[in-house]
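Here is what TrEMBL says about this protein:
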| type | residues | note |
| --- | --- | --- |
| BINDING | 77, 176 | substrate binding site |
| BINDING | 95, 106, 233 | divalent metal cation 1 binding site |
| BINDING | 106, 169, 202, 233 | divalent metal cation 2 binding site |
| DOMAIN | 11-239 | domain 'Peptidase M24' |
Ligand code: MF3
Ligand code: CO
């Protein structure tokens, strides 16, 4: 069942999303050569706690951290570690969210560590742009497949791959609600969007082939061909005219 959020509920989601948005500014500043992904995780945990929020990834299906920190060929769900130290030229995808007053937020960004290659920067840019191409299609009465197809077309026309094994999702009182929000599909297909739906739209893009696998830690998702990957996610609300992006 897809829930429709009331104006009051959307206001609560806005507050939750505001924290996640602010935390990205802090973490973006910390992303530098020499920083471990565990240090980023600790800063995130402390920030959420300080603001009365609960990290929503922590203990989700046994996940052991506040953020997912995925470096280079890691696509998503990288577990923070003191041994994972960022170096010049890396790219890092940080995915995180919280529960505030019962309402979830969820967002992801890929950041450059020091000076990165032109190719890595293009991957980050295309991934972010694919999100915006997708949400151009979002409004009351549109089909979910319109969004999915727009993301896929943009990514593939830029020569990159769209991950199939993981998708976006509805969000609200739960981190993962209906519907699933794939980053691939056919325009005109899928569920009809309605004002008040809350969605986490999150293209995961690979520089090479789109096939991925999970490492032995049971979490970290990596590209099979070792190519770089990027992730960009925002929590949005469908409106009559379009959508409101809550985590940006
Ligand atoms: N944030 C991820 C998503 O967008 C979920 C992370 S799984 C977790 O759906 F276990 F790390 F929480
Ligand atoms: Co998500």
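Our numbering is plain: 1 for the first residue shown, then up by one each step along the chain.
Here the Cβ of each residue, glycine as well, is placed from N, Cα and C on the backbone.
TrEMBL labels come from automatic prediction, so no person has curated them.
The structure, with features from TrEMBL marked on it.
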residue : record                               : Cβ contacts under 8 Å, 6 or more apart
77      : substrate binding site               : 63, 68, 70, 95, 214, 219, 220, 221
106     : divalent metal cation 1 binding site : 20, 56, 95, 96, 97, 171, 175, 200, 202, 233, 235, 247
169     : divalent metal cation 2 binding site : 175, 176, 177, 178, 179, 180, 181, 199, 200
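Among the binding-site residues listed (77, 106, 176, 202), 106, 202 have a CB atom closer than 6 Å to some atom of ligand 2, in sequence order. For the domain 'Peptidase M24' (11-239), the predicted model reports an average pLDDT of 98. Apart from 95, 106, 233, the divalent metal cation 1 site neighbourhood in this chain, defined by C-beta within 8 angstroms of the site C-beta centre, holds 96, 97, 107, 108, 200, 202, 231, 234, 235. Each residue in 95, 107, 108, 168, 171, 181, 200, 201, 234, 235 lies on the same chain as 106, 169, 202, 233 and has a C-beta within 8 Å of the C-beta centroid of that divalent metal cation 2 site, without being one of the site residues.
Under the DSSP three-state reduction, residue 77 (substrate binding site) is assigned to coil, being neither helix nor strand. Highest local Cβ density among the binding-site residues 95, 176, 202, 233 belongs to 202, counted as other Cβ atoms within 10 Å over all protein chains shown.
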